[in-house]
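Worksheet: one structure, shown below.
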Amino acid sequence: MLQTLYDHFWWDRLWLPVNLTWADLEDKDGRVYAKASDLYITLPLALVFLIIRYFFELYVATPLAALLNVKEKTRLRAPPNATLEHFYLTSGKQPKQVEVELLSRQSGLSSRQIERWFRRRRNQDRPSLLKKFREASWRFTFYLIAFVAGMAVIVDKPWFYDLRKVWEGYPIQSIVPSQYWYYIIELSFYWSLLFSIASDVKRKDFKEQIIHHVATIILLSFSWFANYVRAGTLIMALHDSSDYLLESAKMFNYAGWKNTCNNIFIVFALVFIVTRLVIMPFWILHCTLIYPLELYPAFFGYYFFNVMMAVLQMLHIFWAYFILRMAHKFITGKLVEDERSDREETESSEGEEAAAGAGAKSRLLANGHPILNNNHPKKD
């Protein structure tokens, strides 16, 4: 039965144009073609990336945070309370008024004290500024290196300048070692992001991030074994062109370099809009939707690839909405923060003397992760 499923999955008619078989893509005459088995190494390499990330954050990002004077905001801790802790872990982090009154009777605390305890307890679970800085530093480093390396891989290729050449001779297109390693490294990195997403900083677009990582992994994997490699390298370089700018803006924000953060964000917004909302749909998607039909009739692989491309494009539109909204607030002089993040909750003015002075300022933080506004006094 497994063999039957395997044979059906790898049926030539699913993934290749008419009159072509997998035998046409076997290595011969010194020409090497992409094969699905090449991707097996990406899973162990993803674990290697996680190990490298651990040591990078420990020995590079942490000292860099200290050098840039990244300071953690003092948080008041919720006092130990078994009743409230049990409710927090089993029933929810934001009790309703009826539940607050019930907990008040069970614990002997006032409703105000119950609400205050849950505020502090929720804030305890929010990621620290150092954690966010280290995560941004790791992603910035990878995206920057990947973008530079990716451009080196494709800049001398004729299809970089003429998209019709992406499909010239398809699918009988051999690959070179630089394309192989570009794919393997990028795919391994996205696997590592998917493996670590549960422990990384969570934002409002958590589900969209999972969809993005899964769609990217599927798209890269399919484009490799179906030999959409030329299109795949263009797509990867296009995405990496703006990602490192966003991560660097986050780093400077956490360090309190407000002007630098704001300026980089504006550059990021421009690059994102141009690459994701202009080049991606009107050049790349046009290339993958229209040009193949000039050579072959549509087949399942053609539809599958472009559906995955459409999923990514919808995510680009989703994120562009937040980016444009933040850019509008910035241009109009309003305070701007990361629209994707949850706000850090402040203490009430009643009975919170330790937090009273900082309360108004801390409201500007979005899960400790603003993009264009921060509460650090330092300016570059």
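Backbone N, Cα and C define each Cβ position, glycine as well.
Long-range contacts of the transmembrane segment (39-68) within its own chain (CB-CB distance under 8 A, at least 6 residues past either end) are made by residues 130, 133-135, 137-138, 141, 184-185, 187-189, 191-192, 195-196, 221, 224-225, 251, 254-255, 257. The transmembrane segment annotation in TrEMBL covers 39-68 (among others).
Counting residues per DSSP class in helix, strand and coil order gives 36 helix, 0 strand, 26 coil for the domain 'Homeobox' (67-128). Residues or ranges marked as domain 'Homeobox' by TrEMBL: 67-128.
Per TrEMBL, the feature DNA-binding region maps to 69-129.
Summarising the annotation, TrEMBL assigns domain 'TLC' to 131-332.
The transmembrane segment annotation in TrEMBL covers 140-160 (among others). Same-chain residues lying 6+ beyond the ends of the transmembrane segment (140-160) with a Cβ under 8 Å from its Cβ atoms: 56, 60, 166, 168, 178-179, 182, 185-186, 189, 230, 233-234, 236-237, 240-241, 243-244, 247-248, 250-251.
The transmembrane segment annotation in TrEMBL covers 180-198 (among others). Sequence-remote contacts of a segment are chain residues at least 6 beyond its ends whose Cβ falls under 8 Å from one of its Cβ atoms, and for the transmembrane segment (180-198) they are 34, 38-39, 41-43, 45-50, 53, 142, 146, 149-150, 153, 206, 209-210, 213-214, 216-217, 220-221, 224, 229, 232-233, 236.
If you look at the transmembrane segment (264-291), the same-chain residues 6 or more away from its ends with a CB under 8 A from one of its CBs are 163-164, 166-167, 228, 231, 234-235, 238-239, 241-242, 245-246, 248-249, 252, 305-306, 309-310, 312-313, 316-317, 319-320, 323-324, 326-327, 330, 371-372. Per TrEMBL, transmembrane segment is recorded for 264-291 (among others).
Within the chain, the transmembrane segment (303-324) has long-range Cβ neighbours (under 8 A, six or more residues past its boundaries) at 205, 208, 211-212, 215-216, 218-219, 222-223, 226, 228, 235, 268-269, 272-273, 276-277, 280-281, 284-285, 288-289, 339-340. Look at TrEMBL and you will find 303-324 (among others) tagged as transmembrane segment.
The feature region 'Disordered' is assigned by TrEMBL to 339-380.
Residues or ranges marked as compositional bias 'Acidic residues' by TrEMBL: 344-353.
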